[in-house]
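J.: Sharing a structure here in structure tokens format.
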Amino acid sequence: MSPNDAFISAPAKIETPVGPRNEGQPAWNKQRGSSMPVNRYMPFEVEVEDISLPDRTWPDKKITVAPQWCAVDLRDGNQALIDPMSPERKRRMFELLVQMGFKEIEVGFPSASQTDFDFVREIIEKGMIPDDVTIQVLVQAREHLIRRTFEACEGAKNVIVHFYNSTSILQRNVVFRMDKVQVKKLATDAAELIKTIAQDYPDTNWRWQYSPESFTGTEVEYAKEVVDAVVEVMDPTPENPMIINLPSTVEMITPNVYADSIEWMHRNLNRRDSIILSLHPHNDRGTGVGAAELGYMAGADRIEGCLFGNGERTGNVCLVTLALNMLTQGVDPQLDFTDIRQIRSTVEYCNQLRVPERHPYGGDLVFTAFSGSHQDAVNKGLDAMAAKVQPGASSTEVSWEQLRDTEWEVPYLPIDPKDVGRDYEAVIRVNSQSGKGGVAYIMKTDHGLQIPRSMQVEFSTVVQNVTDAEGGEVNSKAMWDIFATEYLERTAPVEQIALRVENAQTENEDASITAELIHNGKDVTVDGRGNGPLAAYANALEKLGIDVEIQEYNQHARTSGDDAEAAAYVLAEVNGRKVWGVGIAGSITYASLKAVTSAVNRALDVNHEAVLAGGV
């Protein structure tokens with residue numbers, strides 16, 4: 001069912017809340033109690049524990065450097081796909097991650113499937129892993145799986161063996177049916193076995209990573225107990241630290257509580273100077289990015305995630321969003337996003353999942369303004385940027401290369417689209433919610449017309465009349481067609497055939513004009529005189545019973561070169577009706593005269609009602 005077909009009538013199963021209001025609920029809050037089964041769910045402090053950290057320090061921290069990144073698209077992301085990656089798609093993803101600058105890449109769970117095993121062997125045997133890139137392989141804390149993992153990695157230069165077991169209250173009780181002692185022993189036994197087996201593969205630089213899976217559902221004191229025991233077995237040093245990964249396997253709490261738990265571990269873990277503290281946030285509550293940022297401020301050193309937030313359920317934390325959030329704060333993410341469209345295209349191909357239009361930084365619509373006030377602010381912001389490097393210039397008169405080193409300050413655009421390989425063509429799009437700013441921007445950037453501010457309201461009303469009548473969006477071509485129909489193509493009641501202008505030769509002499517016209521279907525020739533070509537033409541039209549008073553005039557070059565064109569805009573009161581006219585021609589003079597004719601026809605065309613300037 002398409003979105004357009006989805007709403008037929010109000011769904012019968014939705015029950016409008018009519019229950020009692022909360023005790024103490026203020027009178028201005030009209031919400032009512034719902035029939036949702038709230039009694040089935042426990043708050044985090046009851047389900048797990050109430051983490052108390054009154055002297056927390058993370059709220060005062062700032063993110064000033066990027067973390068160590070680890071991309072888990074090829075494992076955690078891949079396992080969540082409807083159609084898991086083929087070997088060819090895995091290669092494409094791996095090559096993309098390397099090209100972007102990731103130095104730690106989780107490449108699979110080689111003991112879990114032959115496909116993953118074969119892929120790990122392929123990238124090792126074909127020399128696809130750069131010397132400064134470390135591959136990471138995932139394995140459960142079981143002996144036969146651990147041995148198979150080492151077999152898969154034989155011959156690799158740098159490998160992180162990532163072993164894990166779940167430590168949460170729920171999984172201990174429901175899945176494994178083990179007590180705390182048994183769960184801890186499972187972890188330490190795996191650590192001892194891994195350390196022993198690694199001795200059989202001396203040519204590889206082995207590093208270790210342990211995750212108390214479902215960390216967010218684990219009491220922090222117990223998580224520390226298990227982690228400390230594993231660290232004691234692996235015996236890391238400050239020169240050769242191990243990674244302790246604290247996964248929000250299921251996001252269960254608000255980001256501030258997650259940050260408290262990270263800071264608690266950061267403060268209390270034994271041998272902290274020999275530990276790289278890592279985060280692995282998921283997005284079940286929709287706050288994975290916030291949790292990662294606050295957790296990083298709370299003492300973490302490293303973050304695992306996926307491009308565009310792929311992963312089980314609602315996905316892993318989005319590394320694109322995290323990294324580009326840092327860029328907007330002047331922090332180098334140490335990853336390259338200069339062609340985000342290519343990155344997105346590759347990810348969509350590999351995952352066979354579309355990146356939503358509203359996904360931060362990468363979606364089709366994230367740099368697009370439809371709202372009139374937003375469009376006006378963006379338009380003015382871009383012009384202000386241009387004026388910084390060339391006083392008085394508009395955004396169409398200054399190249400992006402000239403702006404490249406200028407501080408970015410444009411309302412509603414937290415990042416310059418061109419810094420990530422996007423362009424300005426789709427920054428402003430017009431629908432029924434748009435205003436003069438958006439219309440003016442498109443006419444300026446796409447069609448070279450700098451519509452005067454006082455005319456922008458009039459033309460935006462013309463465009464809005466179309467969107468109100470027809471619905472949907474008005475693209476650039478459609479907008480030009482509307483403009484041409486409204487201002488350039490009218491030939492009734494006056495059509496210009498030929499104009500001969502003689503400019504004044506002295507200060508006290510008038511300009512003169514001879515105008516060959518078709519007026520109400522008849523060929524006519526009229527003469528006029530005035531203190532300039534426009535006044536002379538108005539005088540000529542007066543002889544046809546057309547009273548024209550020029551009230552505002554603007555002009556500019558539309559194009560340059562041998563075929564240069566000029567554009568002129570005239571606000572005129574024609575027989576008591578105030579309208580704008582527009583002319584485009586090879587010279588300013590003839591463009592201006594065309595603009596007067598345009599205004600006359602818009603005011604007097606009985607077959608086509610014009611939008612009047614200023615509502616007159």
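The backbone N, Cα and C atoms fix where each Cβ goes, and this holds for glycine too.
Worth saying up front: this structure is predicted, and the values here are computed from it rather than measured.
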J.: Name the one residue among ASN39, ASN256, ASN268, ASN316 that Swiss-Prot lists for the same Mg(2+) site as ASP76, HIS280, HIS282.
T.: ASN316
J.: Is it possible to get the count of other C-beta atoms within 10 angstroms of the C-beta of HIS282 (Mg(2+) binding site)?
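T.: Neighbour count, Cβ to Cβ under the 10 Å cut-off: 24.
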J.: Who sits close to HIS280 (Mg(2+) binding site): which same-chain residues at least 6 apart have their Cβ under 8 Å from its Cβ?
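T.: Correct list: VAL72, SER211, ASN245, LEU246, PRO247, SER248, THR249, ILE303, GLU304, GLY305, ASN316, VAL317.
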J.: On the 0 to 100 scale, where does the mean pLDDT of the domain 'Pyruvate carboxyltransferase' (67-341) fall?
T.: 97
J.: So, by DSSP, how many helix, strand and coil residues make up the region 'Regulatory domain' (490-616)?
T.: 30 helix, 55 strand, 42 coil
J.: Looking only at ASP76, ASN316, which of these binding-site residues has the biggest number of Cβ atoms within 10 Å around its Cβ?
T.: ASN316
